[in-house]
């Protein structure tokens with residue numbers, strides 16, 4: 001069971017990283033081409049931009065999953081994992097909750113903490129929180145929800 005949990009957790013982790021990288025790359029290209037030098041030099045954009053981007057990412061995942069039944073994580077080589085549609089949906093909704101939490105923590109640190117603290121969080125805390133969160137979600141997804149049934153023999157009392 002432990003091997004199955006690790007396998008599922010790591011396979012969901014790299015899929016979440018690939019999807020997050022594709023979204024981040026697309027955001028950088030779109031924002032860089034449309035706004036260019038006007039926003040990149042702004043301190044507020046650098047502090048609050050990642051929080052807004054994470055919030056939009058979480059909103060995108062929820063809208064696609066709840067509205068159109070499009071699961072982006074399943075699209076990233078998800079056919080190789082033997083998961084039901086309900087399990088994929090649960091995973092995406094839990095990932096959305098994690099990303100929303102990350103956006104909130106990022107915004108709070110950017111608003112209340114010094115610039116050095118925010119930078120250390122963005123370099124180490126944010127990626128660590130994402131990796132541990134996705135790994136934990138994958139670990140709990142491998143756990144069966146139903147209660148385990150005892151395999152002890154039952155005595156027959158009707159004689």
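Heads up, the Cβ atoms here are built off N, Cα and C, so glycines get one too.
For 12-35, 47-70, 91-113, 119-139, the entry in TrEMBL reads transmembrane segment.
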Report task. Take the transmembrane segment (47-70) and find every residue of the same chain, 6 or more past its ends, with a Cβ under 8 Å from one of its Cβ atoms. Result -> 20, 23-24, 27, 31, 39, 89, 92-93, 95-96, 99-100, 102-104, 106-107, 110, 115, 118, 122, 126
Query raised in the report: Who are the chain neighbours of the transmembrane segment (12-35) in space, where the CB to CB distance is under 8 Å and they lie at least 6 residues beyond its ends?
Result: 49, 53, 57, 60, 72-73, 76-78, 81, 91, 95, 130-131, 134-135, 137-138, 141
